[in-house]
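Some notes on the structure that comes next.
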Amino acid sequence: MSRLGIMVLTLLLLVFIVTSHQDAGEKQATQRAAINFRWKRSLTRRTATEECEEYCEDEEKTCCGEEDGEPVCARFCLG
């Protein structure tokens, strides 16, 4: 194979490697953003009122927030 052919194949390989690396970085950033959104949502959901805490305390559980106006009780709040 001529030197020109080898150089062209090398350049094509480098372009492929660079673009696949960029795609992986974008995918990772998207996943990170989704995780951050879930984390913020779970923190928002964990805010509890005193009424909810008292209700769940009677059941010896933790108040994880309210859903449709009803207290949500569990041993551990997972979000």
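Positions of Cβ are set from backbone N, Cα and C atoms, glycine also.
In Swiss-Prot, the cysteine linked to CYS73 by a disulfide bond, out of CYS56, CYS64, is CYS56. Looking at CYS52, LEU78, the recorded positions in this record, the fewest other C-beta atoms within 10 angstroms of the C-beta turn up around LEU78. Here the Cα atom of CYS52 (disulfide bond) is found 6 Å from that of CYS63 (disulfide bond). The two recorded residues, LEU78 (leucine amide) and CYS63 (disulfide bond), have Cα atoms 11 Å apart. In the three-state DSSP classification, CYS73 (disulfide bond) falls within a strand.
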